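A.B. asks: Below is the structure I would like to discuss, written out as structure tokens.
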Amino acid sequence: MTGELSAQATPTELSFEGALRPGSLDEFVGQAKVRKQLRLLLDAATIQQRSPDHILLAGPPGLGKTTLSMIVAAELEKPLHQTSGPAIQHAGDLAAVLSALTPGEVLFIDEIHRMARSAEEMLYLAMEDFRIDIMVGKGAGATSIPLELAPFTLVGATTRAGLLPNPLRDRFGFTAHLEFYADDELADVVRRAARLLDFEIAPDGIGEISRRSRGTPRIANRLLRRVRDYCLVHGTPGDTESVHAALHLYDVDEQGLDRLDREVLYAVVERFGGGPVGLSTLAVSVGEEAETIESVVEPFLVRSGLLTRTPRGRMATRRAWEATGIPMPDAL
Ligand SMILES: Nc1ncnc2c1ncn2[C@@H]1O[C@H](COP(=O)(O)OP(=O)(O)OP(=O)(O)O)[C@@H](O)[C@H]1O
């Protein structure tokens, strides 16, 4: 019993992440264009007293898609139901979720590109007409029973917008493409999180964390927590020195590249002579899922000017050769 109680009372990493989530559009840092677009969409719906159009949030992990879905529900003052593509493996799974929605509710489907095909087809009708057809029976005796749904707003999130079938993509009234954050925006994220965690950190330290966070708020918050741990355990102040020492300990280099980024970079440069190399070959060579390489590692390496995507595969840039310290062959 005591164990249970203390387990509940102990904050976990995830509860910290939850506590750091901005609760309104005004608190949400960066993504100025998306914020303006969303504000207009939500305000127009509120004036007309209707549910806003369905919203698709596309972009790499950790940029705030889940947070934005929560903000949409909070701004509309409606409940939020959260689920994910992998949890919807049959049309029946989706029918259960849809039929339980209350009027105006926001339905968030994370990783929507991983939903079962049969459920996707059910979703088309639900998004357009707020109705679904439920199949009863099998074979020649099968009939479909129409079921009216409460009007709802779907917020879909995907790291792979290109994988969504066109009929599904077309049913979203608004698609927000989330971009990696600029260093000064990440500095705002870190400053805000440090305040919420009651951790005093020097401006230089904030700058250093922001520069090494791969343009991603989730990483910025995580690195901040590691620096805070370091200062707590070593009794040091939150200055640049502590930031350097903590990030060095966790293998985060000056540019924010972590172990997997570096492995991918070295594989392309060293093992594949700078490329071109196909995604699946690259994934096997570093022992990772192709999807992780494509949605997590690659966008950052491309943005950092270290990797290019060509029709023949991934290629290292001159900068990548320089970063690895391996001499670039003259022939390249
Ligand atoms: N614009 C922002 N301002 C402040 N904090 C942010 C912002 N965006 C994200 N965060 C923080 O980053 C963390 C990750 O955000 P979130 O879970 O919304 O990302 P996500 O895009 O849904 O990631 P995934 O695709 O992996 O689920 C959250 O804890 C949140 O506090």
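Backbone N, Cα and C define each Cβ position, glycine as well.
Checked TrEMBL, it gives:
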- 1-181: region 'Large ATPase domain (RuvB-L)' (REGION)
- LEU20, ARG21, GLY62, LYS65, THR66, THR67, GLU128, ASP129, PHE130, ARG171, TYR181, ARG218: ATP binding site (BINDING)
- 51-184: domain 'AAA+ ATPase' (DOMAIN)
- THR66: Mg(2+) binding site (BINDING)
- 254-332: region 'Head domain (RuvB-H)' (REGION)
- ARG309, ARG314: DNA binding site (BINDING)
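Mind running through what each feature is packed against?
C.D. replies: Mapped onto three states, the DSSP output places LEU20 (ATP binding site) in coil.
Each residue in the domain 'AAA+ ATPase' (51-184) gets a DSSP state, and the totals come to 53 helix, 36 strand, 45 coil.
Cβ neighbour count for THR66 (ATP binding site) (all protein chains, 10 Å cutoff from its Cβ): 21.
Sequence-distant contacts (6 or more apart, same chain, Cβ under 8 Å) of ARG314 (DNA binding site) comprise VAL268, GLY275, PRO276, VAL277, GLY278, LEU279, LEU282, GLU298, LEU307, THR308.
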A.B. asks: Which of these binding-site residues (GLU128, PHE130, TYR181, ARG309, ARG314) have a C-beta closer than 6 Å to some atom of ligand 1?
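C.D. replies: None, as no Cβ falls under 6 Å.
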A.B. asks: Give me the CA-CA distance between LEU20 (ATP binding site) and ARG309 (DNA binding site), in Å, as a whole number.
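C.D. replies: Here the two Cα atoms are 35 Å apart.
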A.B. asks: Pop the Cα-Cα gap between ARG309 (DNA binding site) and GLY62 (ATP binding site) into the table, whole Å please.
C.D. replies: 22
A.B. asks: Whole-number Å only: compute the distance from the Cα of GLU128 (ATP binding site) to the Cα of ARG309 (DNA binding site).
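C.D. replies: GLU128 (ATP binding site) and ARG309 (DNA binding site) have their Cα atoms 36 Å apart.
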A.B. asks: Indicate the candidate from PHE130, TYR181 with the smallest number of other Cβ atoms within 10 Å of its Cβ, considering only these binding-site residues.
C.D. replies: PHE130
A.B. asks: At a 10 Å cut-off from the C-beta of GLY62 (ATP binding site), count the other C-beta atoms across all protein chains.
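C.D. replies: Looking across every protein chain shown, the total is 24.
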